[in-house]
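A quick write-up on the structure given underneath.
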Amino acid sequence: MPTSVTASSSWSQILEMLLEGQNLPEVEATALMEAWLAEQLTPVQTGAFLAALRAKGVTGNELSGMAQVLRGACPLPCPLPDIPMVDTCGTGGDGADTFNISTAVAFTAAACGANVAKHGNRSASGKVGSADVLEGLGLQLKAPLVSVVEALVEVGVTFLFAPAWHPALVNLAPLRRSLGVRTVFNLLGPLVNPLQPNAQVLGVAKAELLNPMAEALQRLGLQRAVVVHGAGGLDEASLEGANAMRLLENGHLRQASIDSAELGLTRAPLQALQGGDLATNQAILSAVLQGGGTAPQRDVVALNTALVLWAAGLQDDLQAGVSTAKTCLQEGLPWQRLEGLRMALDHQIGE
């Protein structure tokens, strides 16, 4: 049963709070999300709330309250695996048109020993999303949900196609598309992995999102996490300069930064990481995971993989993490993980 808005707070009063720049208590953010999922708000009300939240700027409390509702609405086909897990899902929206870096990182981190539950979707902007490129490489997006979970245990990596796990959001999709702007739902995507990993590397396209996203992960109970805003505005750690970070460890947040040059990597502009259409991004991802691609492409994957290995508790030294990732890439081990996942899901589809 959806939570009722408190007697003193009607929907119009909550909207007025947002329009005046006031932050919502977590309980009211929770009630708002529950009302959305229960279709209790009109399209006009929903559009107004989304616009007001975007204009005000979201807080960690608001994000965590909404995320908990969405997590609870996920259809879990089986008990959650009792293993440590890490996700590499970011917010997107940086406009840099890079290749699918976080997707490459997911398979590289798995090859380095992490259990990676990669949450992702198709692109909403006409670019190439993680689901688009993986489907193009033969990965089944419509595999039974239980098979997706089993693949994580079997292969060490899996891909959770967001629409399959969040059916409650289907009714909101047309309105979100009609608004034509990014909303709080774009920020919630990385926070609502159905398998609830205990670690995450989460890239944000804007520096002002570092704190609220990190605070949301903290409130959601993650053990370790990195929220990163890349030099040049990338929603990954980039090779262009100093990358701003918030590190979550044992319930505590701290600021940090890392420059790729400090880890022995050659600086490179964002243009060196450019992707393209689906065929181009498939070719780049295939090449990099098999030890090919350009030096900047491999280096940016190694850099971000090092952050994942830190978050997963596998490597506290980032320099060593970069070295481990480079070795895995040179040996083509990430491609083996992708092939293993593809075969595991194909097997289930065929049964």
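Backbone N, Cα and C atoms are what each Cβ position is placed from, and that goes for glycine too.
Taken from Swiss-Prot, the feature anthranilate 1 binding site covers GLY90, ASN121. Among the features that Swiss-Prot reports, 5-phospho-alpha-D-ribose 1-diphosphate binding site is placed at GLY90, 93-94, THR98, 100-103, 118-126, SER130, with the record citing sequence analysis. Annotated Mg(2+) 1 binding site per Swiss-Prot: SER102, GLU236, in sequence order. The anthranilate 2 binding site annotation in Swiss-Prot covers ARG176. What Swiss-Prot records for ASP235, GLU236 is Mg(2+) 2 binding site, and it gives sequence analysis as the kind of evidence.
Annotated features taken from Swiss-Prot, shown on the structure.
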residue	record	DSSP (3 states)
GLY90	anthranilate 1 binding site	coil
THR98	5-phospho-alpha-D-ribose 1-diphosphate binding site	strand
HIS119	5-phospho-alpha-D-ribose 1-diphosphate binding site	strand
ARG176	anthranilate 2 binding site	helix
ASP235	Mg(2+) 2 binding site	coil
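Neighbour density for GLY90 (anthranilate 1 binding site): within 10 A of its CB lie 27 other CB atoms from the protein chains shown. Its Cβ taken as reference, GLU236 (Mg(2+) 1 binding site) is surrounded by 27 other Cβ atoms within 10 Å in the chains shown. Cβ-based neighbour count (10 Å, all protein chains) for the residue listed as 'anthranilate 2 binding site' stands at 18. Around the Cβ of HIS119 (5-phospho-alpha-D-ribose 1-diphosphate binding site), a 10 Å sphere holds 25 further Cβ atoms from the protein chains shown. Proximity to SER102 (5-phospho-alpha-D-ribose 1-diphosphate binding site), defined by a C-alpha to C-alpha distance within 10 angstroms, is shown by the following binding-site residues from ASN121, ARG176, GLU236: GLU236.
Straight-line distance linking the Cα atoms of GLY90 (anthranilate 1 binding site) and ASP235 (Mg(2+) 2 binding site), rounded to a whole number, equals 7 Å. Look at the binding-site residues THR98, SER102, ASN121 and count other Cβ atoms within 10 Å of each Cβ; ASN121 has the fewest.
When other Cβ atoms within 10 Å of the Cβ of ARG122 (5-phospho-alpha-D-ribose 1-diphosphate binding site) are tallied across all protein chains shown, the result is 17.
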